[in-house]
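*Asks:* According to TrEMBL:
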BINDING   Lys123, Glu124, Asp153  UDP-alpha-D-glucose binding site
TRANSMEM  24-43  transmembrane segment
TRANSMEM  63-83  transmembrane segment
Amino acid sequence: MEALVRSTAGAPPLHTAKLSRLAVSNRIFAAVYASAVLALLYHRLETLAHLLHSSTTTTISSILISISLLIADLILAFMWATLQSFRMRPVCRTEYPDNLKKVVKESDFPAMDVFICTADPYKEPPMGVVNTALSVMAYDYPAEKVSVYVSDDGGSAMTLFALVEAAKFAAHWLPFCRKNDVVDRSPEVFFAANDCRNSETENIKVSNLLHHKR
């Protein structure tokens, strides 16, 4: 860890973190809520102690109910307490992906596996799966270190055909994205936001339409 810190000392930041304005209000709320929880648990314990030391008229069912309520409150209090670590110091991060290549060589980038899961071609249209796969394949990342896997639990022939056509269109789309430094690398988003005035973009759009019509 020390070697990594020294090697990146003076390098441009990959991200910055700023304490969220919600931190103070979250802490005040947590203090009030914790006081209420402790008061409730004290009440449960006091009630149980009273039942155990009362006269013989106390029924076993009353004691069991009191113990059950105490256990339920303890479980809920534990669940609430374990979530507070995420809210005591919330931060807002700003990432600078453009600085990554200034800090680490591309040859040292880790390999990345991306899994895209789908099941029903009617609830999850194949075009959405195709656009997701193409946008991942077009990441500004070393191509040899990105592997994309599509898992179709429904075994749809429609989804398979769409992905076969997408693989053909990727031969045009990926070089186009890298050459023009496209930010929105999902074809659906890109063509919806661009009017395709230049010839190269128009050719890519025509190629996209041809593959979709097949």
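Every residue gets a Cβ built from N, Cα and C, even glycine.
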*Asks:* Could you pull out which residues elsewhere in the chain have a CB under 8 Å from any CB of the transmembrane segment (24-43), counting only those six or more residues past its ends?
*Replies:* 70, 73-74, 77, 80-81, 84, 87-88, 90
*Asks:* Test of understanding: give the count of other CB atoms lying within 10 angstroms of the CB of Lys123 (UDP-alpha-D-glucose binding site).
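*Replies:* Within a 10 Å radius of the Cβ of Lys123 (UDP-alpha-D-glucose binding site) lie 8 other Cβ atoms.
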*Asks:* If the UDP-alpha-D-glucose site is taken as the center of the Cβ atoms of Lys123, Glu124, Asp153, which further residues of that chain fall within 8 Å of it by their Cβ?
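*Replies:* Not counting the recorded site residues, we get Thr118, Ala119, Asp120, Pro121, Tyr122, Gly154.
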*Asks:* Which residue, out of the binding-site residues Glu124, Asp153, shows the minimum number of other Cβ atoms inside 10 Å of its Cβ in this structure?
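*Replies:* Relative to the other binding-site residues in Glu124, Asp153, Asp153 has the fewest Cβ atoms within 10 Å.
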*Asks:* Among residues Lys123, Glu124, Asp153 annotated as binding UDP-alpha-D-glucose, what is the maximum Cα-Cα distance? Answer in Å.
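*Replies:* The two farthest binding residues have Cα atoms 13 Å apart.
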